[in-house]
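Please read the structure below before turning to the comments.
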Amino acid sequence: MGRKLDPTKEKRGPGRKARKQKGAETELVRFLPAVSDENSKRLSSRARKRAAKRRLGSVEAPKTNKSPEAKPLPGKLPKGISAGAVQTAGKKGPQSLFNAPRGKKRPAPGSDEEEEEEDSEEDGMVNHGDLWGSEDDADTVDDYGADSNSEDEEEGEALLPIERAARKQKAREAAAGIQWSEEETEDEEEEKEVTPESGPPKVEEADGGLQINVDEEPFVLPPAGEMEQDAQAPDLQRVHKRIQDIVGILRDFGAQREEGRSRSEYLNRLKKDLAIYYSYGDFLLGKLMDLFPLSELVEFLEANEVPRPVTLRTNTLKTRRRDLAQALINRGVNLDPLGKWSKTGLVVYDSSVPIGATPEYLAGHYMLQGASSMLPVMALAPQEHERILDMCCAPGGKTSYMAQLMKNTGVILANDANAERLKSVVGNLHRLGVTNTIISHYDGRQFPKVVGGFDRVLLDAPCSGTGVISKDPAVKTNKDEKDILRCAHLQKELLLSAIDSVNATSKTGGYLVYCTCSITVEENEWVVDYALKKRNVRLVPTGLDFGQEGFTRFRERRFHPSLRSTRRFYPHTHNMDGFFIAKFKKFSNSIPQSQTGNSETATPTNVDLPQVIPKSENSSQPAKKAKGAAKTKQQLQKQQHPKKASFQKLNGISKGADSELSTVPSVTKTQASSSFQDSSQPAGKAEGIREPKVTGKLKQRSPKLQSSKKVAFLRQNAPPKGTDTQTPAVLSPSKTQATLKPKDHHQPLGRAKGVEKQQLPEQPFEKAAFQKQNDTPKGPQPPTVSPIRSSRPPPAKRKKSQSRGNSQLLLS
């Protein structure tokens, strides 16, 4: 029952097996009862197609050579189609097709019938569908009859290419001179099928109003009982929904808050919900809430739940990034360049092979390294033929990066305090082909005692790890305030030690980079601000064109304004581990004197020794306090007189000259120790040296040690009444003075300005002569620890004098 095949004819429409045999409609007429036009039964798809074809025939008649009066005979119309409907089609055009009694659906265009006509004309066959009384109809009678529903389903399968039928319909309408838009046709169908007063649009409006009411309903904090239930057995979906609601309320707190609720209540509820949903401890979550805004805080917590992408750094000592990328792609690795800021980085999305065990990795062509750990080396910018220190080098990623930037020239000293981690450094440096590195194992805080004078120093200080939570989720709960402060104190010590290791006079360097993988202010800005106060360094730009600026003010703290040049990196904004980078420039190798000796975290080196700077005490204290101090020291002199007597006996000084010893300052152990503790205190009473005056109080307090000659001498030379009788500061000679020998007497008493050199007559050493010799103007004098000494004449001018029967050398 197939049709003839013409190989030159292009096939159109569905296949020939999808069409039904012609003439089935005539058989249906025999089985179906006749119905009137008012109550017409729904036509089959085939009958509708033929009816539409006949209606369109009258429209297309003028363009064809057919007679315009040719109309289908009324007697041959199928049942269900009236002659009036067919006649109106030629008068009103295609719009009458929609007004014909066709049931609920508009008849499809006669695209398939046109194809059937063309096929029948080519095959020379008679279209039995147009002949209702054909003799072949008896041969095609179905024993079981035909069901219109089954015909509709089969015809639907034959009309799958809807676009093709619509295109043909538009072509026919254009040929008839009528232009119809698809929107107008659809609107007419909707008007026929659903009236404007029907229910579905009202239902949609009702749904929309309900949705608006749900959106406008304010959020209400749950009661205490529900909060306790969430703490015991939390419903994560409900907790997450509550987090979103609270964050939305806090953005517009004045308009959306619940009456009688304060902002602190919402914040406390949010903090508890975040701790439950993301499994954070209260301490660390509180630190993060102080650090980020609420909307950014949720993004940061979400980013910590996702691991950072795997990144690797190309070893330019052995290969190029282009060659390495091609080799890894051939092995099934999906990768891309890391970014415009890196010339050697690659980011790996997925891999069919272990990325850490490829032949390229074993050959040292690349190093698995995080993107954030490449930034400190780029900020340091090491140059060729320099001396560089990596104070905390393990596991060797930054050290090898510096070596490849230096092209294996110069010297790199890689130091780490952990001997076990140094093993990985050795392995990586050998694999990557680094040859300019020396590995050391010292405590970084004591490193300036070992070696110094480096051009550049890199300090990747140990920290709490709050920036790498995605790698170590245990940080969420095992950190507290003590851990943060302990790390901060260690970082201060290491940073001062690193600064002392830098050579400020370096022609190409003098730079230091300090970095941590933490985001807390206590470990970053606080430490940097401390170093700016303790050492002669300043902050310089890091050279990185991205990253957020460091804090210059955080809560109650205020930092140096130059901290804006530091850089912060976060996982939710830069898709890398949290990191902090600061770059210093050292401009002097000296240490500020104001910070010397009283720094708790200063590195104990030889440059930290205190310097003794003499300064007059009377310039800073009133005269009354000076007199009181002098009297107190006179009482001490009383108890130390036996030492004075032994000193006189050792140095051959007569008892008559005992009073002159009161004008000589001595440095005791207490005074020496105080000078090292506070350099602002003077070493001795300078004013007492300039104006030595002795009153009768000394003779009354120590009568046993004074001879009768001394008493008479003091009475004769006592100053008149009314003059200044201030007692100078008198201290007993120390043990060091007592051990001095007479041969040291040739050294001068002190290089004070205005000291007159006079020769004394050949007589015993008297008090008046000594006072006249040491009558110096007021002014600061350096401390002295020597006994009575003056300028010594040449040996030829030495004279002898008798004192109590003993020969003694007099100083002229």
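Cβ coordinates are placed from backbone N, Cα and C, and glycine is handled just like the others.
Per Swiss-Prot, the listed range annotated as motif 'Nucleolar localization signal' is 40-57 (candidates: 40-57, 688-705, 760-777). The SUMO2 cross-link entry in Swiss-Prot, when matched to the candidates Lys272, Lys407, Lys492, corresponds to Lys272.
According to Swiss-Prot, the listed position annotated as phosphoserine out of Ser262, Ser562, Ser590, Ser675 is Ser675. Looking at 99-110, 195-206, the range annotated in Swiss-Prot as motif 'Nuclear localization signal' turns out to be 99-110. Checking Ser134, Ser506, Ser666, Ser707 against Swiss-Prot for the annotation phosphoserine singles out Ser666.
In summary, of the candidate residues Ser58, Ser96, Ser440, the record from Swiss-Prot lists phosphoserine for Ser58, whereas the others have no such entry there. In summary, of the candidate residues Thr185, Thr596, Thr723, the record from Swiss-Prot lists phosphothreonine for Thr185, whereas the others have no such entry there. Secondary structure of the compositional bias 'Basic residues' (43-56) per DSSP, as helix, strand and coil residue counts: 12 helix, 0 strand, 2 coil.
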